[in-house]
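K.L.:
Starting off with a structure, shown below.
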Amino acid sequence: MASSPTVLMRLVASAYSIAQKAGTIVRRVIAEGDLGIIEKTCATDLQTKADRLVQVSICSSLARKFPKLTIIGEEDLPPEDVDQELIEDGQWEEILKQPCPSQYSAIKEEDLVVWVDPLDGTKEYTEGLLDNVTVLIGIAYEGKAIAGVINQPYYNYQAGPDAVLGRTIWGVLGLGAFGFQLKEAPAGKHIITTTRSHNSQLVTDCITAMNPDDVLRVGGAGNKIIQLIEGKASAYVFASPGCKKWDTCAPEVILHAVGGKLTDIHGNALQYNKEVKHMNSAGVLATLRNYDYYASRVPQSVKNALVP
């Protein structure tokens, strides 16, 4: 008789189904035509009805099934009676069939921290740049990102009426990453993906030092990591505070599971324990290959300006 799935694999299987539901909610809000936009701190820091509904859906669905989890979400929402339509109780069967890496087989529910970004790329969502948008559910153990799920609600949205809309990517360190086709960036090219809406002199100085052949300015940390694993960019360079732990936790897992690397600008691993500060104050540097080339070119002036 096969052993029952471990806590980690059950959690990932749930997160997959919950992320798929989240993608449906994101599309429904657009279809209904009222985004319910609120400015949180400034004109580039927005929250929509989709952010609010998806956060309630993800956090409530996870908390009901895994009550001992620590769940940290981007949006501050008042406690409310949850609409049952927002609850997802399913678990993706294909994930439950996968073996749990042995180093995680004895993990208890209370040892895990889940970082949730209900809508990564909110500004782009409000502007109709729908392929930039992702839903991110990252899972951390002992401060390290070990499993993650990314839903792209509008994947294929420009591929014609017969295309399947949306996809869900998932991964576990030691097992692999699934739901996409791994592709290398063009050999010998330095293609940088970076922020679309949070540019600064530091960001510009750091990118210039990389001697880029091309610079892609797009929204969403999840979207930028997907560009790396699908060969559209060589490095994600963001020499600035701004992105948070819920932006990087899930994408980092997917990248690391296929041999890539994500750190801060100093080369330090990011920490995801529940007490950690939410801001990635020393920026982000990520690559699928050739990490050392990009890390070696970060100017000392940039490092001096960004304190971990």
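Cβ coordinates are placed from backbone N, Cα and C, and glycine is handled just like the others.
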K.L.:
Looking at Mg(2+) 2 binding as recorded in Swiss-Prot, which candidate out of D247, D264, D292 goes with D117, D120?
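P.N.:
My reading of Swiss-Prot gives D247 as the candidate in that site.
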K.L.:
Have a look through E39, E74, E184 and flag the one Swiss-Prot assigns to the Mg(2+) 1 site that D117, L119 belong to.
P.N.:
E74
K.L.:
Quick check on the recorded positions K224, K244: which one has the highest count of other Cβ atoms within 10 Å of its Cβ?
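P.N.:
Going through K224, K244 one by one, the largest Cβ count within 10 Å is at K224.
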K.L.:
Please report the number of other Cβ atoms within 10 Å of the Cβ of D117 (Mg(2+) 1 binding site).
P.N.:
32
K.L.:
Cα within 10 Å of D120 (Mg(2+) 2 binding site) is the criterion; apply it to the recorded positions D51, T195, G220, K224, S240 and give the hits in sequence order.
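P.N.:
Final answer, ordered: D51, G220.
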K.L.:
For the Mg(2+) 2 site given as D117, D120, D247, which other residues of the same chain have their Cβ within 8 Å of the site's Cβ centre?
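P.N.:
Output for this site, in sequence order: E74, L119, G121, T134, L136, G220, A221, G222, C243, K244, W246, T248, A250.
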K.L.:
What residues, ordered by sequence, lie under 8 A Cβ-to-Cβ from L119 (Mg(2+) 1 binding site) and sit at least six positions away in the same chain?
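P.N.:
Sequence-distant Cβ neighbours: V26, T48, A50, D51, V54, Y125, V133, V135.
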K.L.:
Looking at the recorded positions G220, K224, K244, D247, which ones sit with their CA no more than 10 Å from the CA of T122 (phosphothreonine)?
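P.N.:
The recorded positions close to T122 (phosphothreonine) (Cα within 10 Å), listed in sequence order, are G220.
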